[in-house]
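Lifted from Swiss-Prot, the feature list:
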BINDING   11-12, 32-33, 39, 54, 75-79, 92, 143, 169, 177  NADP(+) binding site
ACT_SITE  139  active site, proton acceptor
BINDING   168, 179, 186, 200, 201, 202, 203, 213, 292  substrate binding site
ACT_SITE  177  active site, proton acceptor
């Protein structure tokens with residue numbers, strides 16, 4: 001039976017296609033917008049049955065041209081939190097997604113989509129409750145608004161609807177994202193280029209490099225998506241993080257030590273990395289004061305209650321794995 005992945009040439013989408021392939025699923029239709037042509041690299045080692053542009057796909061799917069479709073993994077969206085064109089953002093992230101969900105409901109197709117932790121904005125609590133959702137930008141609002149529609153539709157939905165609020169995802173196939181790529185990716189390239197990693201210094205009551213995020217490997221993101229794919233009776237909106245915040249220091253130290261090990265050098269402690277100038281702290285930029293979250297940590301109790309019990313990779317495990325993947329491809 002056919003499976004469709006939108007945003008298939010993107011970061012999470014291409015990892016999902018690969019994850020489906022690893023389970024023997026090759027009847028996968030990839031949907032994307034290849035205006036940024038370099039994204040095609042993410043699909044070179046994937047098996048797909050067809051490729052469609054996102055604009056052509058929506059109407060064709062609504063007409064039922066693909067026959068019985070088991071599931072749609074909707075990862076396609078504008079994920080640039082700095083985008084200020086609200087009309088474009090709402091059309092692309094909200095209206096398109098709404099139309100796709102309606103078609104899935106009409107056809108009895110599982111609908112698994114990407115929401116975002118940006119729905120929480122400045123909240124200090126990261127739990128899937130309306131009272132904690134305070135998006136700070138139009139990207140977050142586009143995801144927030146669609147989640148509200150989903151909540152209204154869930155009681156009457158006859159097929160699966162699952163939204164995943166991704167936290168800070170890192171891992172293979174994100175190179176095309178540029179400045180929106182993960183901290184791990186940027187730390188890796190910065191150290192290879194300059195021999196040092198720079199992090200923000202003291203700010204918000206946090207010591208240098210101790211501002212923290214809920215960093216999650218794309219490997220775990222794929223596993224959770226496939227878990228719900230295997231359990232079409234489970235619907236809802238779920239946080240998708242590890243449930244454990246880790247400081248930026250952990251990312252930087254793991255990146256540097258993994259690169260050192262690849263060169264046959266010993267691992268160093270955080271203090272030693274700082275003493276040797278391999279990790280530097282810079283003054284917190286004035287432009288970000290009052291606009292920067294120093295701490296995010298997902299509440300994954302709802303995800304666990306829904307039956308997902310697998311452990312999540314720590315930064316030390318996941319980022320090291322990712323760095324080795326990058327090293328292999330850097331030559």
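From the backbone N, Cα and C atoms, a Cβ is placed for every residue, glycine too.
Taking 139, 186, 201, 203 as the recorded positions under consideration, the smallest Cα distance to residue 39 (NADP(+) binding site) is found for 186. Considering only the binding-site residues 168, 186, 201, the residue whose Cα is spatially closest to the Cα of residue 77 (NADP(+) binding site) is 168. Residue 203 (substrate binding site) falls within a strand when secondary structure is assigned with DSSP. Across the structure, residue 143 (NADP(+) binding site) and residue 186 (substrate binding site) are spaced 26 Å apart at their Cα atoms. Of 139, 186, 201, 203, 292, all annotated as recorded positions, the residue with the shortest Cα distance to residue 75 (NADP(+) binding site) is 139. Nearest in space to residue 32 (NADP(+) binding site), taking C-alpha to C-alpha distance over the binding-site residues 168, 186, 201, 203, 292, is 168. The sparsest Cβ neighbourhood within 10 Å, among the listed recorded positions (11, 139), is found at 139. In this record, substrate is bound by 168, 179, 186, 200, 201, 202, 203, 213, 292; the longest C-alpha to C-alpha distance in that set is 23 Å.
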